Amino acid sequence: MRSKKLWISLLFALTLIFTMAFSNMSAQAAGKSSTEKKYIVGFKQTMSAMSSAKKKDVISEKGGKVQKQFKYVNAAAATLDEKAVKELKKDPSVAYVEEDHIAHEYAQSVPYGISQIKAPALHSQGYTGSNVKVAVIDSGIDSSHPDLNVRGGASFVPSETNPYQDGSSHGTHVAGTIAALNNSIGVLGVAPSASLYAVKVLDSTGSGQYSWIINGIEWAISNNMDVINMSLGGPTGSTALKTVVDKAVSSGIVVAAAAGNEGSSGSTSTVGYPAKYPSTIAVGAVNSSNQRASFSSVGSELDVMAPGVSIQSTLPGGTYGAYNGTSMATPHVAGAAALILSKHPTWTNAQVRDRLESTATYLGNSFYYGKGLINVQAAAQ
């Protein structure tokens, strides 16, 4: 009897110990997951020949989880806890570990802007953007809209895999300004014959990880886009994002990016990223009277201005509406680049950019207006 009681006591004690240990392990696991964040881990150029498996091992050995390895950037998107971040920063093969920041669409809320930048002058000459491919790196495009001709695309938003569904309406609006069809309905885009590609990197709330944007730019490079429109941005720089933007430009793509909607703050630049990078054309917004919109970001990085107040364009569901923002100004520049390339298909992206900037109409202090309002008629001469 005593032996039986002893056995029961031992069994109870073991059960209690196991339960406590399991609870402690669960608590540790919960504690670990709560501190995990999304990062981009960059590897040193001397390690460029390192295999994908080896790079994954470097991160995994530190407790990280690799989400995606990039094609043109020697880096990987990963989920890491604080300990893994510290250990990776010490690893001799790692160049940097940076947070995978979140970018947001730059919008606040007829196309008078089409006339304001002199696009109809090129239309009348027969140049409408034919044979020019424009990647709209945004929230997707409603491909069923009767005023849009979407030729292809891809989604890099894990939870929203259809690039032709636009939950925020932002990308569809941007697409219409670039290339709404000349079909007697709705609105007219800057380059109505340009080929639109929906590259989805923002979710239905208008937000997206930098790693999603990097994937989108890499897709544009691999698919030989001529123009990239990025009506998005964030307040924080990223080595990986700059690397892929620079790669896009060195690949011959014209890259237009929204300067941001942060307004002015004395002599401090409020231009966001990726527009802040020198390789992009940073676009600010003016109204129909060529006055800088109060929300338009300012700074020495600002390159040109375009209409961005009460811009009427396409919306999901076959509808239309007016939005404000440097997001709305940027597609005027992307569309203008498409018009120029349709007239001068042998021009390089550097030539297109130089013409857009050198022929812009002076509006005032470059800190607030860059080179001025684009004039695509003059730029295409």
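Just so you know, the numbers here start at 1 and follow the chain as drawn.
Positions of Cβ are set from backbone N, Cα and C atoms, glycine also.
Database features (Swiss-Prot):
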- Asp138: active site, charge relay system (ACT_SITE)
- His170: active site, charge relay system (ACT_SITE)
- Ser327: active site, charge relay system (ACT_SITE)
- Asp147, Leu181, Asn183, Ile185, Val187: Ca(2+) 1 binding site (BINDING)
- Ala275, Tyr277, Thr280, Asp303: Ca(2+) 2 binding site (BINDING)
- 38-103: domain 'Inhibitor I9' (DOMAIN)
- 111-380: domain 'Peptidase S8' (DOMAIN)
Using Cα positions only, nearest of the recorded positions to His170 (active site, charge relay system) (Asp138, Asp147, Tyr277, Asp303): Asp138
Pairwise CA distance, Asp147 (Ca(2+) 1 binding site) versus Ser327 (active site, charge relay system), rounded so that it is a whole Å: 20
Thr280, Asp303 as binding-site residues, winner by CB count within 10 A: Thr280
Additional residues surrounding Ca(2+) 2, by Cβ distance to the Ala275, Tyr277, Thr280, Asp303 centre under 8 Å: Val255, Ala257, Ala259, Val271, Pro274, Lys276, Pro278, Ser279, Ile281, Ala282, Glu301
Rounded to the nearest Å - Cα separation of Ser327 (active site, charge relay system) and Asp138 (active site, charge relay system): 10
Distance [Cα-Cα, Å, rounded] between Asp303 (Ca(2+) 2 binding site) and Asn183 (Ca(2+) 1 binding site): 33
Alpha-carbon spacing, Ala275 (Ca(2+) 2 binding site) to Ile185 (Ca(2+) 1 binding site), which is rounded to whole Å: 33
Residues of the domain 'Inhibitor I9' (38-103) by DSSP state, where helix covers H, G and I: 22 helix, 25 strand, 19 coil
For the binding-site residues Leu181, Val187, Ala275, the one whose C-beta sees the most other C-beta atoms within 10 angstroms: Ala275
Nonlocal residues around Asn183 (Ca(2+) 1 binding site), in sequence order (Cβ under 8 Å, 6 or more apart): Pro146, Asp147
Most Cβ neighbours inside 10 Å, all chains, among the recorded positions Asp138, Asp147, Ile185, Tyr277: Asp138
Cα-nearest neighbour of Thr280 (Ca(2+) 2 binding site) within the listed recorded positions, Asp138, Ile185, Val187: Asp138
Non-site residues, in chain order, whose CB comes within 8 A of the mean position of the CB atoms of Asp147, Leu181, Asn183, Ile185, Val187 at Ca(2+) 1: Pro146, Leu148, Ala180, Asn182, Ser184, Gly186, Leu188, Pro192, Thr314
Among His170, Ser327, the one of these active-site residues whose Cβ has the fewest neighbouring Cβ atoms within 10 Å: His170
Alpha-carbon distance [Leu181 (Ca(2+) 1 binding site); Asp138 (active site, charge relay system)] in Å: 20
